[in-house]
């Protein structure tokens, strides 16, 4: 099916509502319950410096891109069993597309 083209502004709203309590996106942003996501695209799982990842995240060994994020964000615990991310996921493909569009722009 592919990743739907997303709307950055809608994605930003989703991030604020669903992600910002645990993640930051800006360069040099602090880790919260979840890691800072700056530089996410092109980074391997479990690689944000200074964040204590689960072994499951470190061992997954995939590189974050549109396709891997699209699958992960639907159901994080299914994609990486053992992750400590408590987010249930975004079931609607267009919402995942919007969030990915935002993450691509906000984490460069």
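From the backbone N, Cα and C atoms, a Cβ is placed for every residue, glycine too.
Classification of residue 19 (heme c binding site) by DSSP places it in coil, neither helical nor stranded. Taking a C-beta cut-off of under 8 Å and a sequence gap of six or more, residue 19 (heme c binding site) has these contacts in its own chain: 34, 87, 99. Look at Swiss-Prot and you will find 19, 22, 23, 85 tagged as heme c binding site.
Between the binding-site residues 22, 85, 85 has the most other Cβ atoms inside 10 Å of its own Cβ, all protein chains included. Contacts of residue 23 (heme c binding site) defined by a Cβ separation under 8 A and a same-chain sequence distance of 6+ are given as 15, 32, 34, 35, 36, 37, in order along the sequence.
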